[in-house]
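Worksheet for the structure shown next.
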Amino acid sequence: LGTCFGASFEPSDTGLFSLQVSCLCGSAPCLLCGCCPSAKNSTISRLLFTFFLFLGTLVSIIMIIPGVEKELYKLPGFCEGSGSVLGVQTHVDCSSFLGHKAVYRMGFAMAAFFFLFAGIMVCVRSSKDPRAAVQNGFWFFKFLVLVGITVGAFYIPDGAFTSVWFYFGVVGSFLFILIQLILLIDFAHSWSQLWLRNADESNAKGWYAALCIITFIFYATSIAAIVLLYIYYTKPEGCTEGKVLISINLILCLIVSAVSILPKIQDAQPHSGLLQASLITLYTIYITWSALANVPNQTCNPTLLVRNSTGSETATQPLTTWWDAPSIVGLIIFILCTLFISVRSSDHPQVNKLMLTEESAAGAGSEAAVESGLHRAYDNEQDGVSYNYTFFHLCLLLAALYIMMTLTNWYRPDESLQVLTSPWTAVWVKICSSWAGLLLYLWTLVAPLVLPDRDFS
């Protein structure tokens, strides 16, 4: 147990309880078990904040699952109208804890939590700043703050809250999709550089073959997905919007793929190639699919859902799935991107500037302390923070808004807060985000030619 609490003690010691309490109030390394690999203090803190986000996401998923309300009503005395316990009748309206209203309130609570810490951590330069102790410690109290904000969020009157918060979610989700694109571009470049470096060092053609195979798989999957989009989301006699959107994104993907292998681009960026373009193309097709799944036309959108506020289908509509496939894929991408935000350390200076992170130079001298004593984590931010605390919390804030919109399928509640409908707003936000992402990737390709005096190595 001593290694798990970051200190050693004898079995006869009487300070175990106080040690546990100090761990809950102390720094992140204290929570690192001795069997865990060595890690940086900054990485552990980011992972714990991400855990809070995932915990709120799990609660939201439970709240929106159909059938949960029936199970709650089976508990005597828990919900209003479910009977009494020892003659005491409860007045808890369980419908307020379920469905899209509950997800919106959980999204608001998580966004408010990360916004609070984003404000507190403004201009923190190193771990010597007293506020850095709040960033890297006091986890039990942070959990209590999150619980308190969540409880308070459920006391917000319905009114116009859900309708207004929908638009906050739309804007935040748009920005988070762009962050996903930045991370994807960074990942694709790092992937290509790693395999090409391995091929040069080992003088083995297997790495080149692997690059070709992966690139072919990505493009083949994208082509198959485009064909399916034309089949399921368009009709020969109509659905003009869907045809236009699919065709535009297809043409744009072809353009960025062609530009990525132009001789001038290759001279300026030797590591640029079709692997990155194929991955960006695949993600763009996914965003297009997600947008078409929000088209408010049953004829052109066979996956359109019409649901009431508790997440179940209306009686007048045929039985459909409660959560569509694009949302499930979006949840998976959300998990991967938030984890990547927490552990990433990019090799690209331009990406680090864009994401307000730095390379591992900050606190590099602390690596000698990694294995000293029983501490398995070390402070790598004594000379300067390895990431911008405020920007990190803002990223998690946008992630909370994105998962809120994903869990509700980007559906907007009506004035009576009883029915969720899919608006064209969601379609255009997703399509515009795909265009912005393609332009961003195109800029990473042509920037060295447009600005030859800058270093884009």
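Heads up, the Cβ atoms here are built off N, Cα and C, so glycines get one too.
All annotation found in TrEMBL is predicted automatically rather than curated by experts.
Record features (TrEMBL):
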type	residues	note
TRANSMEM	15-35	transmembrane segment
TRANSMEM	47-68	transmembrane segment
TRANSMEM	102-124	transmembrane segment
TRANSMEM	136-156	transmembrane segment
TRANSMEM	162-185	transmembrane segment
TRANSMEM	206-232	transmembrane segment
TRANSMEM	244-262	transmembrane segment
TRANSMEM	274-292	transmembrane segment
TRANSMEM	325-343	transmembrane segment
TRANSMEM	386-407	transmembrane segment
TRANSMEM	427-451	transmembrane segment
Whether the transmembrane segment (427-451) meets the transmembrane segment (274-292): three or more C-beta pairs under 8 angstroms: yes
Among 136-156, 162-185, 244-262, 274-292, 386-407, stretch most in contact with the transmembrane segment (102-124) (C-beta, under 8 angstroms): 386-407
Contact set, same chain, for the transmembrane segment (325-343): CB under 8 Å, 6 or more residues outside the stretch: 43, 46-47, 49-50, 53-54, 57, 179-180, 183, 187, 286, 289-290, 293, 303, 392, 395-396, 399, 402-403, 406-407, 409
Stretch-level contact, the transmembrane segment (162-185) and the transmembrane segment (47-68), CB cutoff 8 A, at least 3 pairs: no
